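Feature annotations, reproduced from Swiss-Prot:
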ACT_SITE  243  active site
ACT_SITE  277  active site
BINDING   220, 221, 222, 223, 224, 225  NAD(+) binding site
């Protein structure tokens with residue numbers, strides 16, 4: 001029984017799904033998808049639970065969420081192992097994911113009060129008040145790269161605001177989704193407040209097509225996000241929050257410390273085996289001898305990166321991709337770029353047959369026409385050389401995406417220029433593109449999405465503002481508008 005609907009674990013009525021470790025092939029989880037009727041059942045449960053949950057005091061909702069935080073802490077080692085085994089990422093990285101889940105809960109609680117709490121301003125004849133109200137029943141679609149942390153960034157603020165939820169994890173990480181749901185169960189959420197439906201495309205389509213849905217919160221690929229946007233078009237009554245991918249540029253203008261810049265680039269491009277939406281996909285490198293030296297060093301250090309299993313010792317920097325198919329897609333993308341005229345500096349290769357272990361790839365595309373503006377979700381970095389900083393900014397903005405952008409330069413003036421001209425939601429200076437602060441907005445523009453699903457800013461789309469003018473008494477004004485006559489004369 002792998003679905004959680006209205007406070008009960010039930011067996012899915014859809015197709016059988018089997019999840020294997022992407023490196024070892026070990027069977028980790030199996031269960032049946034939710035069919036359309038079960039998705040509808042989950043929605044009815046969420047709708048029935050909504051009025052009572054929304055009317056609870058914020059403190060009562062906060063108690064359940066903080067209890068969940070405590071359970072994350074006490075079950076950290078177990079959840080770390082589940083996430084690592086299911087995604088293929090190293091143990092150290094899965095541990096940081098669980099830590100981020102814990103830390104963002106306190107920030108989400110504070111954000112509710114600061115961004116969506118209640119405010120009152122006194123007026124001469126009364127007061128103006130601002131309150132926030134939950135949307136109702138929300139669907140949350142989770143991604144596979146951070147199957148605990150990123151859905152958590154939607155679920156926690158939504159629950160705190162008073163919404164009820166139907167959560168569909170990625171079909172590639174059902175075990176992590178179930179493990180997190182079991183902790184919510186222990187936290188004492190009332191039946192129907194949070195429901196879990198497992199499944200792939202058919203389950204997702206049934207969920208997003210529900211009429212009695214007040215909104216959908218999504219983190220994942222641009223292709224799926226676009227499909228959801230089309231599906232919900234013409235329905236302005238439903239909140240749609242999309243956090244999608246990016247074709248992110250990293251500009252290397254001047255390098256004082258080559259090794260430091262190489263480390264920043266590797267952290268930007270290859271951490272999580274390149275499976276972060278903020279990963280650098282395009283390296284825009286200044287032409288000249290210094291750029292040549294940097295590039296040679298980048299290749300030399302990158303070719304030493306050896307992917308390994310989640311529990312290898314010593315721990316590897318990168319593990320496997322989410323699946324063998326995902327690894328092969330990266331290799332295919334590299335082969336296509338090479339066929340277009342790209343110059344391979346470091347060829348990505350499958351480290352072991354029938355696994356998702358893939359070494360990083362670097363390919364130079366300077367002067368190659370028609371390079372697709374697509375996100376290759378893996379450890380593949382494309383390089384362009386540029387002569388001026390203005391040219392680098394133009395190249396950086398030459399994308400339909402707008403998630404993250406970074407600059408390595410000793411000149412603050414160039415960063416100030418980039419801040420004015422960059423089309424990206426995250427713009428960093430001498431910091432990896434993949435770094436993020438829980439108190440800062442996380443998200444982008446264009447094909448990268450709309451709202452900002454972080455602990456602090458997620459509060460904005462989990463509740464809507466209600467404005468009120470209020471007075472303790474009602475008396476006739478001494479001065480009336482022209483044309484109004486309240487005299488006693490007939």
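Backbone N, Cα and C atoms are what each Cβ position is placed from, and that goes for glycine too.
The binding-site residues listed here (221, 222, 223) include 221, 222 as those with a Cα within 10 A of the Cα of residue 243 (active site). Of the binding-site residues 221, 223, 224, 224 has the largest number of other Cβ atoms within 10 Å of its own Cβ.
Residue 277 (active site) sits 14 Å from residue 224 (NAD(+) binding site), counting Cα to Cα.
The recorded positions examined here are 222, 277; by Cβ neighbour count within 10 Å, the least packed of them is 222. Annotation note: residue 220 (NAD(+) binding site) sits in a coil segment as assigned by DSSP.
The NAD(+) site is defined by 220, 221, 222, 223, 224, 225, and by the 8 Å test on Cβ atoms against their centroid, the other residues of the chain that qualify are 218, 226, 227, 244, 245.
Listed in sequence order, the residues of the same chain lying 6 or more apart from residue 220 (NAD(+) binding site) and placing their CB within less than 8 Å of its CB are 141, 143, 170, 243, 244.
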